[in-house]
Amino acid sequence: MKALVKATAPAPAPAVAGDAPLPVTADPRPSGRQRAAELLQRQGVLAVLVLLCVISSFVFDSFATLDNTRGITIQASFLSIVALGMTMVIVTGGIDLSVGSVFALGGVLAAWASQYGFLPALLVPLAVCGAIGAFNGFLVAKAGMAPFIVTLASLLGARGLLLALTHEGATTYLVPRGSAFKELGSGAVWGFGYPVLIALALFAVGGLVLQRTSFGQALFAVGGSGDAALLMGLPVARTKVLVYTLSGLLAGLAGALNAARLSSGVTIIGVGMELDAISAVVIGGTLLVGGAGSVSGTLWGVLLLGVIQNLINQIGSLNSSYQSVVSGGFLIVVVVAQRYLSAARRGT
Amino acid sequence: MAPPEAAAAQSAPPGPPSPPPAPGAVLEAVGVSKRFPGVVALDDVSFTLRQGEIHALVGENGAGKSTLIKLLTGVYRPDDGELRLAGEPGAFHHPHEAQRAGISTIYQEVNLVPLMSVARNIFLGREPKNRFGLIDFPRMHRETAELLGGFGITADPRRPLHTLGIGTQQMVALARAVSVQARVVVMDEPTSSLEPREVETLFRVIGELHERGISILYVSHRMDELYRICDRVTVLRDGRLVHSGDLADTDRVRLVSLMLGREIAEVRRHGATSFGEGHTADRQPVLTASGLTRRHQLQDIALELHPGEVLGLGGLLGSGRSETAKALSGALPLDGGEISVGGRALRRLTPSAAIRAGISMLPEDRKAEGIVPGLSVRENIVLAAMPRLSRAGIVSRQKQDRIVEIFMKRLRIKAAGPEQKVGELSGGNQQKVLLARWLCLEPKVLLLDEPTRGIDVGAKAEVQSLIDDLAGEGLAVLLISSDIEELVEGADRIVVLRAGAVAGELTGDDVEENALLAVLAETGDSDDGDSHSDFGDSTDDAGEAPEAEAEAAAGPQDAAPGPLTKTTAPDAPPESAAGTGTGTAAAPAPPADGEPQSTPDTPGGAGSATAKEDPR
C-alpha cells in the first residue's frame, strides 16, 4: 500500500513539448521545504542535543559544570567507539549484535594481558576481537548468511568465551598498579580522559573514511544497492568482511580502554550495549536499511543518550532505569520523524 | 557497415579447430555454452562484435540474450567455448575484470545506488583522489558536470540520484559506462523505461559513442529502434544462434519470424500484434468514474468502461495514465471524485473496496508492486483470492490447486510446476502469474498498466491475445501502453490524457496511429488565446450546439450540474462557438471545481478527436 503511493511520487513532469531531442534536464531543484527537511534529518539530533543542554543548564545548577561535562564525555566515550563501528556496519545495510559481548571480552583480555606489558594489553584484545569481526564478516559476505543471525551467534559465543576465560566470572583479572596501560584509562588532558580524546580522534578519522575514501563510498554503495555495487565492479565481499572486522576491532578497543579505566576486566558489562549502540546510530540519522548515514550523527546520538542518563541522575529521585524508558521513547520519536522527513524530502 | 560476405562467414558455425579471429573483432564468443541445472541456456553460440559497430542482439525471453551478455561481461563464465578480446583469448572472473578490459554494461533497470549523488555514482570505485589520498570532491563534481554536459545532460552532480527522473538516471548510468574508457558498451534494453524524448537523447549519445569508434551491443524488443540505429543483428532462439548478419538485409517480418521461429506468412497474417477485431461492448457501463482529482496529478478525469470493451488510455509519460489506473483501483488517495461499479458508487476508495467491487489492477512495475519473487507460482496466484478460498481462516489446498491448475493451463504459464519460485520465471511468465492472480478473483473490470512492457515478443503476443479473449468474455479492460501500436490495435476506444486531464477521445475508425499521434502531439497549454488559430478550421460540427466545456470551466455557476451531465452553455459567445470543435464526447465531465482561470476559446482536437481543455 505504502509502496504503491510512494511509487507515484517521482513521476517526472513532462517538461517542454517538441520533436527535437532536447537536453535531458534534471527535475527542478529541491524546494525550500525539501531542503529544510534534509537539514533537519541530517542535523536534527544536534539541534535537540544543543537545546536539551541549554535548557538543562538553566534547570540544574550542576549540569553545565566542567566536572559534569567530563563525567558525561568519559561515560559516553566507550559507547561512542562501539557505535562508530556500528555506524559503518549499518551503512552497509547490516547489523552487528556481537559488539556488547566483544566489548566485555576485549576488556577481560586486556586486563589479563596487561600483566605482560602495555602493548600486549592493547594488541591481544584487538587481535581476538578483530578476528571475531572478520569471522562475522566472512560468514555474512562469503556464505551469504544474515548479519542478524551471524552476529547473534557471535554475541553468544563471545560471552561464552569470556565466561570460560574467567572461570564463569570467578576469576577477575586486575590491571597492575602503575602500569602504562592503566594510565591509558585514567590519564587526562585538562581533565578530559584519554578515552574521550581517543574517541574524538577515531570519529575524525572515521568521518574521513566514510565520506572521503573509496572504502567509505563502497560502504554506502553496498548498503544503498548491493546488486548495483556488484555490477559496478565494487569489491562487495571484501568491503563487508572489512566493515565487520572494523566493528570488532573498535568494540575490542573500547573494551580495552574501559578495562584500563576500571583497572580490571569486568565480566558482566556490555550486556545490551549493542542495543544502545544501534539506538545511538539510528538517533543520529543513519538509516537502518543502509545506504545513508554519518558518523557525526552517531556522535550526537551517543552524547544525547549520555545527557539523558545524566539528567535522570541529576533529578535523583528517579530510578536510573528510567533512562532506558526515555531513550526508547526518543528512539521512536526519531524513527517516526525520519519517516516524515524522508517523505518531505521526496516532496510527497 | 561490414561487407555482407564477411557477415555470412561470421555466422557459420565454428568448426572443431578454433577458427581464426575475425578481422576487426573487439569482442568474440566462440562456441560458448552455458548450462544451468535442468536448462541449457546457451548452446554452442558464436558471436562477434566488431570495432565501431552497433550490433543488435534479439530474441525472445529465454533465448539466451541475458546469459550471453552475462558471459561477455564477466558475470558468468562459459562451460564450453572461449571469449576473445581483440583477438586474444581471455576470460573474466568478475564484472570488475570485464570493466577493466573496457567492457561496460548498462542494464535494463538502472543499476546505480539511488541514495548516492550523481557524481558519486559515476565515480564509484575509481574516485579521483587528492594528495592526501582522500576523495577530491570538487574535481569529481567538475568532471561529472563536464561528462554529462558532453551528452547534453544538465544535472547537479551533488543531487542524490533518486531525485532525478528515470531517463536522467539512465543517462547517468550511460555516462558512467562510457567514462571508464570503454571500448565496448553493452546496453540491455536501455529504452524500456524511457519516454520518447529521452530515447532521442539516448540515441544522440549512442551516435556520439559510435563516432568515437566504440562498439555497442544493443538489446531491445523494439523493432523501430533496432532499424534506426543498428548495423548488424544477431538472433538467438532457445539458446542457439539462428541468424547473424547485416540488419539492412533482414526485413522486420523476417526478423520477427527468426525470433519466433514462425513462418513469415503467419506473422504477416497476424500482424505485428496479436489483437483481433474490435469487440461489441454493452451499452451500460460497468464502471463509471467522474471528477477524479488529485492535486498536481489528476484533474477531473471522467471515464466510462463498458463490459466487453478494451478502453485504451493514451498519453505521454507523466500525463496521469498510471495515476488514473491507480485511482480507479483505490490505490491513489484522491482529493475528489466518484467511482461506481455496476451503478453502485464505491463509498470508500481503497484497494480492498475496489477489489470487492470487482476492480483488479495489474500494476506497471511488476517487480515492486505485484510479484512476490520468493513465493511459488501457486502462492502468488492465490494470494489475492485467499479470503475466498479459506473458511474460518483455513485455506483449502485442494481448491488452491484446482484454481492454479486452471490458470496455469489457460494462460500458458511456463513453469517447472506450481511450486517453482516466481522469481525464477521469465518476465512474460511473471506477468501471466500476476494476471492469473487477478483473474481468479473473477473481476468485472481489469486495469492493465503496461502489461507487455519488458517481456519478449512471444509472451507479448500471448498476453495481447489473452487481453482480447478476456474482453471477448465480457470483461471491461482498461489498457495503458506506451506502445502506440499496441494501444491502437488493442483498444476499441482510446481516451487520451494530458497533464492529468482528459485531452481527447478516439472512437470507431479514429482508433489508429495517426489520429492518436495527432492528439498526443497537441500542445498541452491550449488555454491561451493564441492556440485558437491552430485549430480554427475544425468547424465541421460547429453548427451543432457546442458542448463548450470551456465555458463551464470559465464560470463555476455553469458547472453546477452533476459530473456526468453534459453541460451546454447556451449563451456561449460566438467566437467560442466557432473555435470549439468538440463533438459529443463520451464522458465530457466539466471540471467539478471549475477554477475560472481559463479563457473560453479553447479549441477542439484535430479531426473528430474531442479535445477537452486543460483546466489549469
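Along the chain as shown, the residues are counted starting at 1.
Placed from the backbone N, Cα and C atoms, the Cβ positions cover glycine too.
Keep in mind that TrEMBL annotations are predicted by a computer and have not been checked by a curator.
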Per TrEMBL record, range annotated region 'Disordered' [choices A:1-30, A:61-90, A:151-180, A:211-240]: A:1-30
Segment-segment contact (the transmembrane segment (A:187-210); the transmembrane segment (A:281-308)) at 3 or more Cβ pairs under 8 Å: yes
Top Cβ-contact partner of the transmembrane segment (A:241-260) among A:78-111, A:148-167, A:217-235, A:281-308, A:320-341 (pairs under 8 Å): A:78-111
Considering the transmembrane segment (A:281-308), which listed stretch of A:45-66, A:78-111, A:217-235, A:320-341 counts the most C-beta pairs under 8 Å: A:78-111
